[in-house]
Amino acid sequence: MNLEVDVEGSHSQTQSDDPEGEGSDFPHSQSQVQPQLSEPQPQPQPQPRRPRGFAATQSQTITPPSVSKGGIGSGKREREKEKERTKLRERHRRAITSRMLAGLRQFGNFPLPARADMNDVLAALARQAGWLVEPDGTTYRPHSNPNNPPPHHHIGHNDNDNGDGDGDGDGDTSYNNNCSSIVDSVLADSTTNNCLSSLSPTSLDSVVIAASADTHPPQIHHTPNYSTIASASASASASASASIHSPPPNQLMQDFPSTSGEHATDFTPTPYVPIFVKLSVNFSASIHHPNHSGIVNKFCQLVDPEGVRQDLTFLQSLNVDGVVVQCWWGIVETWTPRNYIWSGYRDLFNIIRHLKLKLQVVMAFHEDGASKSGETSISLPQWVMEIGKENQDIFFTDREGRRNTECLSWGIDKERVLQGRTGIEVYFDLMRSFRTEFDDLFAEGIICAVEIGLGASGELKYPSFSERMGWRYPGIGEFQCYDKYLQQSLRKAAKLRGHLFWGRGPDNGGQYNSRPHETGFFCERGDYDSYYGRFFLHWYAQSLIDHANNVLSLANHAFEETKIVVKVPAVYWWYKTPSHAAELTSGYYNPTNRDGYSPVFEVLKKHGVTVKFVCTGLQMSNQDSNEFLADPEGLSWQVFNSAWNRGLTIAGENALSCHDREGFIRIVEMAKPRNDPDLRHFSFFVYQQPSPPVQGTMFFSELEYLIKSMHGKGLPVFESKCVLVSIA
């Protein structure tokens with residue numbers, strides 16, 4: 001009897017038992033060879049490609065095709081899920097790398113290529129420290145002989161071999177000395193320190209620097225959230241002492257950015273940035289008459305002309321370039337539609353003209369905000385509020401049906417529900433009336449810019465963080481899309497997509513004060529990244545973009561040849577989470593794997609506007625950074641780079657909570673990056689006083705410091721940290 005060995009059959013049976021997942025061309029033992037009778041055999045089918053890596057691991061648990069087809073489907077689904085997870089991790093890693101490289105290009109003037117890697121970064125650091133780096137990676141000091149550079153090692157060589165084969169380790173010692181010298185030179189170089197001081201704390205928390213002999217004794221600056229990093233750095237230094245020299249005892253850990261020292265606060269050689277002071281509702285009242293409701297009252301009358309003149313004269317003595325005045329819709333058109341009263345603003349503008357100050361005007365189509373008693377100092381026009389009593393859907397609405405009267409819903413932009421007019425027609429009529437009334441100021445160049453209010457607080461955002469609804473920092477806020485007009489728009493978009501059941505808001509998005517991990521929508525791998533989640537967030541953000549496009553189109557008609565300004569919010573809390581939940585509810589579809597500001601800035605670029613960004617200037621606490629995952633600097637540079645890359649002009653405005661010296665230093669460094677190769681900077685900056693204001697006093701010393709820093713002028717020789725000046 002003739003026996004034949006079925007090698008192919010044996011191979012297929014032992015494939016799943018191969019510990020490497022690679023298979024074999026021959027059986028591993030005789031027990032794997034089964035004798036069979038010699039019979040005509042059909043032509044064997046080609047074997048499928050053997051799985052590798054994760055797929056090979058899964059194949060060990062999958063039943064062969066002849067046994068079960070469901071097992072193959074399950075394994076395929078698992079592989080697809082793993083591919084998606086790998087893609088998300090890769091996108092997150094690339095986003096982090098991109099921000100780090102952008103920071104080095106922005107602050108350090110490093111000529112890094114578009115697709116830079118770590119070798120490019122190391123070469124740039126070495127060149128910054130004065131070393132010469134050849135294209136092949138050879139690095140040496142300038143005084144060394146280029147024809148005989150120090151020996152360099154390639155990956156894979158013996159660490160103890162210096163190239164002569166004796167293994168005495170001389171080459172390794174030379175290599176370690178060179179590495180140590182490069183690191184010390186880079187970190188001790190003053191220019192590099194300036195670059196490092198400008199980096200975001202999320203990219204660089206602390207570095208080791210050497211204290212020179214002629215300096216004061218070193219001091220260690222402790223920051224609570226850096227303790228873990230310092231411990232890890234110390235452990236790493238101890239374990240790596242065999243290859244790189246440990247820092248001597250006179251070296252120290254210093255946190256960056258540092259605001260101490262004359263060079264850190266000297267902005268003399270920097271570009272000139274005009275600075276404007278916002279005359280808020282309480283500006284004049286905070287100095288002279290704390291009982292008055294503001295500069296212009298609800299009847300559009302200038303409350304205290306002489307007091308306002310004194311205040312503006314003092315601001316003029318501080319060399320401010322101009323002022324910003326908010327023209328409130330609720331004051332100008334408060335009683336009757338199309339009946340505009342500008343008398344109080346005319347009196348105010350005449351004083352500004354007499355003092356030869358520049359003027360920026362804000363078209364404020366929103367409420368001023370609620371006081372501690374719950375009352376708003378300036379509401380929407382009374383005739384609009386009367387319509388709102390009959391049709392509450394003209395206001396933004398949350399999931400529970402609560403109405404927010406801070407501004408009108410974008411759903412009525414093209415709905416004739418305001419006594420025969422649409423929302424954008426109402427805005428356009430007010431802007432056209434203002435342009436006609438103050439044509440003389442436009443002709444003289446007194447009015448140099450007009451800011452268009454596009455949402456809550458005058459910013460381009462949904463009112464998702466309303467304190468009157470109970471929101472408190474750092475809550476994620478709620479979606480504001482439940483009025484009937486926006487719901488109709490959502491259902492229409494879902495129908496066009498072919499999924500009618502998507503025409504609803506998320507039911508697991510949490511509440512105003514929820515945190516991302518507490519919700520099913522914003523948590524890691526939550527519904528925000530599902531097919532429905534991506535559809536809804538795209539529609540939600542597109543509604544914001546369409547509103548901006550509609551209003552700015554009419555604003556350009558009303559204010560031809562005048563600079564138009566749009567205010568963009570700084571929603572920086574939960575910025576380090578994958579979903580960026582707070583940004584999503586405010587209307588910016590900006591998760592980790594997507595740039596949500598690019599489509600917004602494309603529309604703003606279309607209308608040639610200036611982007612005004614709110615600069616917090618805050619030093620994040622350990623709780624903000626680690627628990628609330630806030631990153632204001634990371635958000636700021638994403639916004640700046642996205643806008644600058646599209647050729648947009650950027651301006652800034654300080655947050656109400658920022659009015660101290662350290663905050664101002666951070667703002668000036670943000671407004672005028674020291675080492676930007678393109679010399680980009682803010683076109684102007686708007687200062688608004690602390691809120692609530694300090695009655696009878698103002699931080700005039702700090703304001704004067706901010707003005708001089710923005711103007712790039714020298715500071716007084718003798719100056720105090722903070723001086724409170726009281727005006728009777």
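A Cβ is built for glycine as well, from the same backbone N, Cα and C atoms used for every other residue.
Going by TrEMBL, these are the annotated features:
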| type | residues | note |
| --- | --- | --- |
| ACT_SITE | Glu653 | active site, proton acceptor |
| COMPBIAS | 29-40 | compositional bias 'Low complexity' |
| COMPBIAS | 56-66 | compositional bias 'Polar residues' |
| COMPBIAS | 75-87 | compositional bias 'Basic and acidic residues' |
| COMPBIAS | 161-171 | compositional bias 'Acidic residues' |
| COMPBIAS | 251-262 | compositional bias 'Polar residues' |
| DOMAIN | 73-212 | domain 'BES1/BZR1 plant transcription factor N-terminal' |
| REGION | 1-95 | region 'Disordered' |
| REGION | 136-176 | region 'Disordered' |
| REGION | 239-262 | region 'Disordered' |
In the chain carrying the residue listed as 'active site, proton acceptor', residues 6 or more apart in sequence that have Cβ under 8 angstroms from it: Lys278, Lys567, Lys612, Phe613, Val614, Cys615, Phe685, Val686, Tyr687, Gln688
Helix, strand and coil totals (DSSP H, G, I; E, B; other) for the compositional bias 'Basic and acidic residues' (75-87): 13 helix, 0 strand, 0 coil
Local confidence of the prediction over the domain 'BES1/BZR1 plant transcription factor N-terminal' (73-212), expressed as mean pLDDT: 60
